[in-house]
């Protein structure tokens, strides 16, 4: 026997060993440096993400009353291959959920990994379905937005869509705070997408949204809204808006835009919208947009006589007039070729500037406006923020509509002086007057005070810009005195409350076109007159019957102040006005 | 013959005066194989428990029970064969080879393409179905070992080598039509047996050169095979590389120590043929680099034991028989691992003793029986 074959067998063995070594090195390469890469790719393939909704932040009023909350609702789903008794599942689900049996049958019998039967099911009903313990039927809890007070401040708070996203109002503006971050459940599935038992779930917890603390006072808002609703009905008005604000810092206590809508049913037309003939032609979508509109900031109007505060401020600051300067009102003034009437057609006769202000006399203001001139007026408009948005923390704020300074002739100047021929938003007026009565500081009207996590470990306080308007304290003091006199003795006397020092100004604005016979009656008031803590604007759109601001708007402000001033701990003062004049 | 005599003289003459000569039984080999088979059963259970219970109404044991039956049968056969002097089988060498040649030639026509491959590789007789190609490997080993040991002197000449090659060609030829992978193994067996039997080197180096040239030429000629190459090179993107890509995900996600036995995710039908050709991927995923290295090491030990037996075999026939078996196991194991790790292009070869496949495990165990039978004929020297 020969033995060379032994050497050859050893050669073969070496070839095998070398091959094995090469494979082992390759494996080491795959399983150590490349391991992470392949593991990631494999996990991407195996894991199915299920999101966990983050609870949306609540919205509080200034005293901790919850204005927007979350409620638990359930989503009912079926998993086809886990169902053991399909007939019972179909019967129970169609009965309990009040669904057509055919619809349920179709979904139950559909071969899919998961099929949704119904979402937004009340929690109690979800619990009852769970108690049947049906195989393959899942009841998942979920959140939905809930507004405990329905219509309260609907146009301010706003509401959210099904995707937890704000649609209008504060819900939009503070969406990034309220939303939070969705969590994730990563489950391992087989190739058919079925979850595999006994594998560890990876869970990324959701981060709940921050709660929003607002300056709204539930009691004031609710009361103002009640008053507005009553006025709306009494005066058969198109709308009634009431804004109450702290003139010192711009915090808004209440903003009512009656008719309000139900935040829990934001897509259901209110009676007012259904009845409105003007809206009948519009598409449902446009109707909804009209229904959701916040008149106080989304719409502009001719402010009328309340705007005389601004003209008077400009004139006094420019020192082109003093309180005792006398004017003559024959009931009209001819400017160029136009005869512009006073509201008192018989004329006020001879009167001082202060009397003209108290009488809300148009010819006096035409004269004063002419003295100031358009450059002077526009300087103060600018300083008082009338050319800019107020910066309120609500979406969709309108800009004012002003004449181009180069196109202002004598007639335009005359009408601007008593608040006509241009448009601003009610909130812009309120902001400008606040600056006059708070000593010259232009504040930013706002609702949002702070955003904070539920446990208050994370707090973000919002800062708002304030600007010096450049008004001298003397002018501001004079204006406050003049405005108090308007209420005490002038056109605003229906807002007078015994023992309270209230300043204010009435307005009756003609709506365009001038001969339409449609008016806006408004009243702007504040108290205490010497050191204002609250400023309010009431705005009655298209009242039927009497439409004078002094007659219908001023008493409403009185009613509100009678309740709100004691509520805000503003005490009655024994003595009457003591102004240095 | 000289060696045999001296073995006989020493063991019989000095130590055992009146008894039978002391026989050698390679327990190391036997237990390595036993371990591989049991490990294979564990891995098959782990791999198929989930998918099997989905397919077979909750019966997670379907695959492992079938494999277990075949493994048990194979073990019994192996023990029986190991008790028989392997020279006994030499008388069937020609007969078995001719019969298998005919069966293989007929398989494309009478066979059925069971399971996934689509090509006709199975023969069904009543309740019995088997892959004739597994038996053909044994038949070829037996035939070549016998012929080569008989004509060993002529193997010095190219003509002698050529003659043997021509005798093996028909078998390889009929198999290549239905099963390229098996043909490669048959070719490897033929080559190695001839190489070991012949005292020449250069002709074999020349054959390797011709084969490499032929492979390159073949790849250029047949676009289907070129597809495999592009899939191999673009494993991350190529559509037809899905299986290998999944295998790589399994291997890579195993890391150093693996996810633990039974914890594979890729076996949940992500990796096709996870219990079969691709079981190595699942081993890597569950047992990590250590498990994979252990499996490779076990195969090296197995091959090493084969080498020891071959080099101590009482005659060339025995040595060549063992070399044939050793070659088959070595080629299958390493090609399988190389495919699973995308080291070489895809070709469907099972991992010996571990992959699911009744015929394969039973026949492999019979082959181990043959090797053990050779080992029993070794006379121990003291």
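Backbone N, Cα and C define each Cβ position, glycine as well.
What TrEMBL says about a protein is an automatic prediction, not a curated fact.
Just so it is clear, the model here is predicted, and its values are computed rather than measured.
Annotated by TrEMBL as transmembrane segment, the relevant range among B:111-129, B:130-148 is B:130-148.
The transmembrane segment (B:180-197) is not in contact with the transmembrane segment (B:60-81), judged by fewer than 3 CB-CB distances under 8 Å for residue pairs 6 or more apart in sequence. Listed by sequence, the residues of this chain that lie at least six past the ends of the transmembrane segment (B:60-81) yet keep a Cβ under 8 A from its Cβ atoms are 34, 37, 40-41, 44-45, 47-50, 52-53, 275, 356-359, 361-366, 368-370, 372-373.
The transmembrane segment (B:24-48) is not in contact with the transmembrane segment (B:316-341), judged by fewer than 3 CB-CB distances under 8 Å for residue pairs 6 or more apart in sequence. Same-chain residues lying 6 or more positions outside the transmembrane segment (B:204-224) and placing a CB less than 8 Å from one of its CB atoms are 187, 191, 194-195, 198. The transmembrane segment (B:130-148) is in contact with the transmembrane segment (B:88-110), judged by 3+ CB-CB distances under 8 Å for residue pairs 6 or more apart in sequence.
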